[in-house]
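*Asks:* Right, I'll just put the structure down here and ask away after.
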Amino acid sequence: MAEQVALSRTQVCGILREELYQGDAFHQADTHIFIIMGASGDLAKKKIYPTIWWLFRDGLLPEDTFIVGYARSRLTVDDIRKQSEPFFKVTPEERPKLEEFFARNSYVAGQYDDPASYKHLNSHMNALHQGMQANRLFYLALPPTVYEAVTKNIQEICMSQTGWNRIIVEKPFGRDLQSSNQLSNHISSLFREDQIYRIDHYLGKEMVQNLMVLRFANRIFGPIWNRDNIACVILTFKEPFGTEGRGGYFDEFGIIRDVMQNHLLQMLCLVAMEKPASTDSDDVRDEKVKVLKCISEVETDNVVLGQYVGNPSGEGEATNGYLDDPTVPHGSTTATFAAAVLYVENERWDGVPFILRCGKALNERKAEVRLQFRDVAGDIFHQQCKRNELVIRVQPNEAVYTKMMTKKPGMFFNPEESELDLTYGNRYKNVKLPDAYERLILDVFCGSQMHFVRSDELREAWRIFTPLLHKIDREKPQPIPYVYGSRGPTEADELMKRVGFQYEGTYKWVNPHKL
């Protein structure tokens, strides 16, 4: 077999550009204005400006694209550049291109609830080359408290009259079903659904997008992807650090609202959904909604909540617990860890537990989907066989691998755990996977909503978790303490075992490329 030749970034971007230009959705010849509402904030500085730069650098934006920052702070483009450029990862050869990029940037200061400020913003955009006819993309990098005023003023004052208009909305999309519906109803009264892009950056990650391809482009998985063969599904999100001085914001929402109700539930949908009629955005999202409608409200008996405490033998931040963060309210009962079991009550998945786990200050950084298969019927190996597992590792080190039994090498005739492994870093050497925001913002330029959350998806997701969240808010149960750097509360392991997950603890992954 001939060795695969790695493509350079220039070649990869060239192929993608060619595909974009040949398609009908990417309006290469049109003028576009990308407006960052909240341009002075952390999200804009660390994610949005760097992402727009990477797309511009790689020639993946329409040529006549302008970037306009808008915020209350009185800043200049130079100020924005000083704040954001450290996150750009610019090489010396890219410096001339960087100057071109910032030449296409401008900044307007104004209030979020003042129509006169938006008239000034609109006049500024109209004055750009072809500005009155330009397609306009508004990225709302703002707290939800100002969404209503901002969207109303955009719709009434700042819309392009001849080009298309799209808005990108960041989570959190409300705090519960009622507030989410209120926000959705307001935005839907101003914009059509095909103009609204509710962004969940996890839907832009390589392996999350790979779930559909793995499932529906491979014959081998179809016959076994059901309750007859799969014992349980575990969806995991782990961070090795705590709030580290940012606990005030986190405390408003907690880990369920921050991670479980959106990131993990979206991954669950991609695992559990039926094959869509096509890869059209609404065909895919229709199937995700069907899954969510089959999930009952989460039961408190199937939930474990935890909060990290300092590790006396740790170092640095690890010695601090959540309540030691000076920005966290005294005596807060907000959970920094949660495990919950959901059931998809349909013919394919009836009785199969979907275990969602997420937490801060844990023993590693990891996000993955793990399908554990049922025991082999008619055991002839004297209970030496462990369950097969299919693992899709989202981060770090993207990979797909299968835990399976093979004969132990040599004179033995005993089964041994091994794996079939596709680690992206080994198979696709020198291929730089794009950041999730790069994929998603490019999707907005192309008008593709497949990887964005539709209003009915959002409504069903909140329906599942709102009763639990209201009960937690009302009763403020004391979360179980767990040590910074541990696997989380042992009660979570007990919950997983109770619903059918088998943790063997005998398997050790060996990187075959380092033998």
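Every residue gets a Cβ built from N, Cα and C, even glycine.
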*Asks:* Going by Swiss-Prot, K171, H201, Y202, L203, G204, K205, E239, K360, R365, Q395 bind D-glucose 6-phosphate; tell me which of D258, D324, D421 is listed for that site too.
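*Replies:* Looking at D258, D324, D421, the one Swiss-Prot places in the D-glucose 6-phosphate site next to K171, H201, Y202, L203, G204, K205, E239, K360, R365, Q395 is D258.
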*Asks:* Considering the recorded positions R72, K89, H263, R370, K497, which residue's Cβ sits among the greatest number of other Cβ atoms within 10 Å?
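*Replies:* Checking each of R72, K89, H263, R370, K497, the winner is H263.
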*Asks:* Return the residues near Q395 (D-glucose 6-phosphate binding site) by Cβ distance under 8 Å, restricted to its own chain and a separation of at least 6 in sequence.
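*Replies:* Result: K205, M207, R365, K366, A367.
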*Asks:* Which one is it: of the recorded positions Y401, Y503, which Cβ has the fewest other Cβ atoms within 10 Å in this structure?
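*Replies:* Per-residue Cβ counts within 10 Å for the recorded positions Y401, Y503 bottom out at Y503.
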*Asks:* To the nearest Å, how far is the Cα of H263 (active site, proton acceptor) from the Cα of Y202 (D-glucose 6-phosphate binding site)?
*Replies:* 6
*Asks:* In whole Å, could you give the widest CA to CA gap in the NADP(+) 1 site formed by G38, A39, S40, G41, D42, L43, A44, K45, R72, Y147, K171?
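*Replies:* This binding site's residues have a maximal Cα-Cα distance of 21 Å.
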*Asks:* In the three-state scheme derived from DSSP, which category covers K497 (N6-acetyllysine)?
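*Replies:* Where K497 (N6-acetyllysine) sits, the three-state DSSP reduction gives helix.
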